[in-house]
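**Student:** Here's the feature list from Swiss-Prot:
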type	residues	note
DISULFID	58-75	disulfide bond
DISULFID	61-82	disulfide bond
DISULFID	65-84	disulfide bond
CARBOHYD	23	N-linked glycosylation site
REGION	67-87	region 'PRK6 binding'
SIGNAL	1-19	signal peptide
């Protein structure tokens, strides 16, 4: 009778320790720290952020107008409106 009780007690103790260790290791993996020395400035990540916002949208609008040889006339990020001028670039 003593052997099953000791075995179950030991099993509960081991299972609680392993769950604690697993939770501790997964918390370490989820921790993110930003330090300029360990992760230097990346201009490509900044470029991705700008493409999402207003500056990026109007920049793409201006590039599209320049490819057509026109000036940018209107850029509205809220309405997603990009208009080029009628006259060509001289």
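Positions of Cβ are set from backbone N, Cα and C atoms, glycine also.
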**Student:** In angstrom units, rounded to an integer, how far apart are the Cα atoms of residue 75 (disulfide bond) and residue 65 (disulfide bond)?
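**Tutor:** The separation of the Cα atoms works out to 11 Å.
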**Student:** Under 8 Å between C-beta atoms and at least six apart in sequence, can you list the same-chain neighbours of residue 61 (disulfide bond), or say none if there are none?
**Tutor:** 72, 75, 82
**Student:** Please report the distance from the Cα of residue 84 (disulfide bond) to the Cα of residue 58 (disulfide bond), rounded to the nearest angstrom.
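**Tutor:** Their Cα atoms are separated by 11 Å.
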**Student:** Could you give me three numbers for the region 'PRK6 binding' (67-87), the DSSP helix, strand and coil residue counts?
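**Tutor:** Each residue of the region 'PRK6 binding' (67-87) counted once, the result is 1 helix, 14 strand, 6 coil.
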